[in-house]
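Features as listed in Swiss-Prot:
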BINDING   177, 178, 179, 180, 181, 182, 183, 184  ATP binding site
DOMAIN    164-334  domain 'Helicase ATP-binding'
DOMAIN    490-644  domain 'Helicase C-terminal'
MOTIF     280-283  motif 'DEAH box'
């Protein structure tokens, strides 16, 4: 290589050193100093890994003093270059800048600059970059973007609600599905969509204290959303880091009690500028016109400051219209301001629901019924539609569906309230109860008597809670030596049951963690039964491992022993046998226990086994749950209401189970109340609301589309390619699972989302649902999204050289593959990616500027090419630099037309879609007051900003590949 003192060179292997200067030479070696980093490098004169930096007319360079020069002419004198041109800060012409005076902190960011500077990437990195651009652009444009990445079954009614609400501006809705239909999952899907699209960035979730960990686990395991749990301790710690502790995290979970207890804390929460507020168990927010509770007022303050709200409740509105109104009032206080007016409105919607029932029944409508429909949709001429709907002609069904759709748009609360019931959603198993009455051991009888004497001052409720768990009473007196499991007949029964059903998975739930741990030891030591334990003292990772062991078919645990709190948020549909070793105190917890198995997707009927001790609080509770509420074999929406009504009487029987006087009457009363309330619920079922919430065929089609996308293998090949290039080790674990671990030679030291000790992944939804230790990889998973960002935000793969062996073309023929990106810059919340994500446009130009891209498909062409090492590549580039410059100029001329077409198409689509949505809502505003003014204003503002941003869209060269034809 011809070196001269003062020449500027760049290192091929350490480009971060910047621009180097030749400072010493001898016969064999050259010393190059890199002023930007203060380092020297000694290279062999022959074959050193450095490239001469030479700029061309049209380039802009920076001097060491900071001013810039637009080059018009380049002269070489004694091996050194001098650039002449116009100085950009003063517009002075004919300014000369010698190469030794160039800024040393030079970074080559443009693909063509990197190519000419010898910074040539591996060929496979170029291919990965193009694929990453292509896939990322396609994913953003998918209509179900944000709905595929969660570790959940594809259940139509959940997808329908999430798809509807998740795309709204600052949604304010009440999710009121019955127990077991997945409100938490619906809320998670909505959050996931809003966060992924940029519509929301800061989220606050407020839940009862006992559900904090359930939400933490669900959000992380199902949606890869890493929330922070704020309690008194975390709040105090965060006060050292910020004036407002809640501004230290973007995603926060805290308890309702935590929010209510401190005025200062509530002020900090209100000032923290959340985008979305989620409140679970919203029926606990007690309200009356004259005396709202402190909890309600706290959430009301937050609701006034936070644009988007999701309220979750399982309590049907028929069991408390006033509290139902209170929840709607939180969503839109202007719309729901007067309870009496609300009651009257609800009664007026009855004809709407009846009309829908008539249409769906498919019967011919009477004149009165036709008149009712005309009155309900009075602002439009629907006579032709009614005529078709009431005929036997083709199109009658379609006409009926259109009328139902029109009625739904006019329905009172269908935009703010979603409610699915088990009657309206198919796919649930039956529940069969097996009670096992067992004798009360004398040891327990003695312990209970002594406890009664010593605990005489305890309240009836405390005594009742004690009496449910006699093993706890016994251990209080006997201490750690109290081996209750040696004589408790429930333990003998459990061991017998498990040994008789060795091949079947059994979930055992008990109230206390200590009971679960002791049972595991007994089962292991006495019968060699493999049992996993699951309790609140374990970390999330430990619980994952226990759940995964239970989920393994052949070598896994036969039994999972759960404590009450430990099992929250976990579902085990692959098991269908449930043993309740003891009973919970209230119907909600009972339903929660059964709900671990009784989910949509459960393939078998659920066998519920309840071994109980006679003449104890357990025997009282078994009868009350089963005979009074029918709560074991059916979901019990009436349970909490009846429990609140008979609470004190029930507590009395539980505290003194030997006193059975009047208990039969209590059970009879409860059953009558239960049956009456069920009839009331059934009669009050809002069929229209259920149809709207369920989504029907539209929801089914959405689920099928996502399922089809799940089967697409392009993600797997892309992910494997990505992991290879980033330097992540992959170890096939079998059962469609792969273990990823960091290597010593990664593209970046810490790959975001990959733990130090690695992780297990799967691309199969079914595997992810049964194996909680395996992460479910989709295009929306952080590992893939972070990988895409890593490749595309830097210059990885932006310039490369390949050889094409093709004897049909002359040796030395040049082709230049150019990847342009058309994009628009805008705030994330505008969700511009729906219309114009960063979109790659590929040109394949020959020396004459002919674009061959349409004839030469990328993947098949890529397979015909071979790589060139960096040193040879640099020599090739230097030899053909002038030709490459000429082809690049032709590329710039050709891209404008293609880019303009893309931008114009995106602008038309955005204008049509956003204008249509605005027009639809404005038309409905006249007949449905649940459409908020601020929502309409936001859509119009959004439309204007989107169109302005698209007008500013531009394009740039993102990557290029120089291809040279060879015959060898």
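Keep in mind that glycine also has a Cβ here, set from the backbone N, Cα and C atoms.
Note on the domain 'Helicase ATP-binding' (164-334): its mean pLDDT in the predicted model is 89. Secondary structure of the motif 'DEAH box' (280-283) per DSSP, as helix, strand and coil residue counts: 2 helix, 0 strand, 2 coil.
Other Cβ atoms within 10 Å of the Cβ of residue 178 (ATP binding site) number 19 in total over all chains. Within 8 A of the CB centroid of the ATP site residues 177, 178, 179, 180, 181, 182, 183, 184, the other residues of that chain are 186, 314, 420. Ranked by how many other Cβ atoms sit within 10 Å of their Cβ, the binding-site residues 179, 181 place 179 at the bottom. In the three-state DSSP reading, residue 184 (ATP binding site) counts as helix.
Residue 177 (ATP binding site) falls outside any helix or strand according to DSSP and counts as coil. With a cut-off of 8 Å between CB atoms and residues at least 6 apart in sequence, the same chain places 175, 176, 177, 280, 312, 314 near residue 183 (ATP binding site), listed in sequence order. Annotation: 182 carries the greatest number of neighbouring Cβ atoms among the binding-site residues 180, 182 [cut-off 10 Å, Cβ to Cβ]. The Cβ of residue 177 (ATP binding site) has 25 other Cβ atoms within 10 Å, all protein chains considered.
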